[in-house]
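Student: What TrEMBL shows for this protein is this:
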| type | residues | note |
| --- | --- | --- |
| COMPBIAS | 304-316 | compositional bias 'Polar residues' |
| COMPBIAS | 323-333 | compositional bias 'Polar residues' |
| DOMAIN | 13-281 | domain 'G-protein coupled receptors family 2 profile 2' |
| DOMAIN | 27-277 | domain 'G-protein coupled receptors family 1 profile' |
| REGION | 300-333 | region 'Disordered' |
| TRANSMEM | 15-36 | transmembrane segment |
| TRANSMEM | 48-66 | transmembrane segment |
| TRANSMEM | 86-107 | transmembrane segment |
| TRANSMEM | 119-145 | transmembrane segment |
| TRANSMEM | 165-190 | transmembrane segment |
| TRANSMEM | 225-245 | transmembrane segment |
| TRANSMEM | 257-280 | transmembrane segment |
Amino acid sequence: MAETNRTEVHVYEQVVILSSCVLSFFGSLLIICTFARWPDLRTTPRKLLVYLSVTDLLSALSYFYGVLKSFKSDSGDCIAQGAISTFANTSSFFWTVSIAIYLYVFIVKSSQRQANNLVLYFHLISWGVPFAITVAALSLHKIGYDASEVSVGWCWVNIQAEDRVLWMLLTAKIWEFIAYVTLPVLYLLIKIHIHRAHTALSEYRPILTSSPVSQSPSSMADMKLTIIPIIFIVLRMWSTIRFLLLLTDSPAGHNPVLVTLHGIGNTFQGAANCIMFVLLTPSIRSRLVAQLCCRGQDKHWRSPSVSQNRASANTPSHREENTSPQTWENNEA
C-alpha cells in the first residue's frame, strides 16, 4: 500500500527544500547567537523566541536528514528522524502560541509579572506535551515510513498504521489547527489594544513633546503583529492541505508544486523568524552590520547609556513594570 501510493520526490524538489532547511538552520542560529552576544537584548519575549528557535533549528536538522535520505522504507534512522521531527515540530507549535499568549498578557492585560509567571507553564507544556506524545508514538510503533503522503521524503506517522489519521492529529495536526485559530485572535486583540492606546494618547503628544514623534518603531511593531500569524498560516497551510487531501484519497496531494510548497513551509519557519526579528529589527540589524563590517564600532553598544539601562533593569523593584504598548514597540521593533 505504501509503495503504491508513494509520492515521488524529485531532485529539484529536494534541492529547494534542503536549501530551505539550511536557511532555517542558520536563521535560528543567528537568533540564538544575537541573544547570547548582547545581554541587553535578553528580554523575556526574546527568551521565548530563542526557545522557539531551538525547536526550529532541531526541525531543520531532522528534516534536512530526511529529505537528503528520501526514505523508501522503515529503518532505524527513519524512526529516529521521525521522532525528532515530531517532537521539534509539535514543540514549535506550542512555543509559537506561548509567545502570542505572553504578549497578550503583557500588553493587553498590562501585567509583566503575570506574563512572567506563565513562563514556567510554557516550559512544562511546550516541552512536556510534545515529549509525551512522541514517546507514546514510539512505544506504540506509530512513527515510521509514510511514503511521503504527508511529508516530503522524511518519516512521520507510519502510513500502514490503521489508526494513522488519529496519530497524525495527535502528533501535529490538531495543534496546528488550534494555532490557526489562536494566533490570529490573540494578535488581533493586541493590535486593537495598541491602536486604542495610540488614539487615547494622540491628543496629548503635542503637549508632551515639541518635536514630531517618529512613527517608525510603532509602524514596524504593528506590521510584525500583522505578519506573524499570516506567515505561520502561509507556511503551514500546505501540509494541512495535503493532510486533508489524504483523508479524501485525492491524487492532488501528489502534485509537485504542492509537495514543494509543503516542504518549504515545514522547514522555513526559522528563517522567517530571523527575517522578522533580526533582519527587520533596526537595532539588531545595525549591530550586526557594525559587528561584521566595523568591529571597532562594537564599543558603541557598550556606551554608558546602555550600562545605565542595564543597571536600572537589574535594580530590584516591587512595582509593576511599564507595559505600555509604545515601550514594547520601541524595544521589539
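Here the Cβ of each residue, glycine as well, is placed from N, Cα and C on the backbone.
From a predicted model like this one, the values you see are computed outputs, not experimental measurements.
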Student: Any residues 6+ beyond the ends of the transmembrane segment (48-66) with a Cβ under 8 Å from its own?
Tutor: 17-18, 21-22, 24-25, 27-29, 31-32, 35, 77-78, 81-82, 84-85, 87-89, 91-92, 95-96, 98-99, 102, 119, 122-123, 126, 151, 153-155, 266-267, 269-270, 273, 277
Student: What parts of the chain pack near the transmembrane segment (225-245), using Cβ distances under 8 Å and only residues at least 6 beyond its ends?
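Tutor: Apart from its flanks, the transmembrane segment (225-245) reaches 96, 100, 149-150, 168, 172-173, 176-177, 179-180, 183-184, 187, 190-191, 194, 252-253, 258-259, 261-262, 264-266, 268-269, 272, 276.
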Student: Using a threshold of three or more Cβ pairs below 8 Å, and leaving out pairs closer than 6 in sequence, do the transmembrane segment (15-36) and the transmembrane segment (165-190) count as in contact?
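Tutor: Contact criterion not met.
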Student: Counting Cβ pairs under 8 Å that are 6 or more apart in sequence, does the total for the transmembrane segment (119-145) and the transmembrane segment (257-280) reach three or more?
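Tutor: Answer no, regions not in contact.
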